[in-house]
Amino acid sequence: MADQLIRATAAEGGIRAVGVITTRLTEEARQRHKLSYVATAALGRTMAAGLLMASSMKRSGSRVNVRVKGDGPLGGILVDAGLDGTVRGYVGNPSIELPPNAKGKLDVGGAVGGGYLYVVRDVGYGYPYSSTVELVSGEIGDDVAHYLVNSEQTPSALVLGVFVGAGGVTAAGGLLIQVLPKAARDEALVETLESRVAGLAGFTPLLQAGKNLTEIFSDLLGDMGLEIFSERQMLRFHCGCSFDRVLGALKILGEAELQDMIVKDNGAEATCDFCSNVYQASSDQLAQLIADLQAESTVSG
């Protein structure tokens, strides 16, 4: 099943629902970063959460940055997700592995530990909106739902899941269901919705049972006036790094530092944190950067 996002409403627009399947992009992240089982689950959940949050943004080019900063051995998570369906991310310690938790599942909460969730929404106007909440469990889903309730005053249910088998990621994605103000006053509706979401065994078991997003929404909201939008948005792991950007970053270091790299290392090597792409600049290319800096200095002088 292709990585995709679908949107739906229910209760005459009082309920907003978004679902994502992120199996392939999570597997790509696992391979790029050589992630352990628990690191794959942690990053995969956070990437799905980032895409779900970005889906509510309106302006083209809008992006959400999600940073999980905990005191656990994972060393933190950073995800960048866009309204355009692209996402990238990394963890501090990709090789960390822990025993299963008390429920026999991957111990994402133990890997993350206690700390804070930082969310930055950039709608492209140059004034990003940022908010911080304390982590509830470190399991990502609880933490992002806590953020949505406290920072955006929107009651939200978030179900995230990543299943990692011996051969890699076989199922990943999530659901975001939000009760908007026009429906929040209907206590019976809210209680029914909460009960159904709480009754889910998780997200990945639904995918493994062969259900698609449309069927999952129908099971949860089918008797609440469900309307599923026909458009399916494709999702993918994508990083905007490039060799030109690396050269630009190296140039900022200045002549002395560049000359030192030429003498000591015969060039420079840089690895992108987000995608693990490795870029190598030769001594000749560094020398050209120095020449460019000298030319610019002459012109400005």
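Every residue, even glycine, has its Cβ placed from backbone N, Cα and C.
Bear in mind that the values here come from a model prediction, so they are computed numbers and not experimental data.
Copied from Swiss-Prot, the annotated features are:
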- Cys239-Cys241: disulfide bond (DISULFID)
- Cys272-Cys275: disulfide bond (DISULFID)
Quick check: in three-state DSSP terms, what is Cys272 (disulfide bond)? coil
Rounded Cα distance, in Å, between Cys275 (disulfide bond) and Cys239 (disulfide bond) is 6
What Cα-Cα separation, expressed in whole Å, is found between Cys239 (disulfide bond) and Cys272 (disulfide bond)? 9
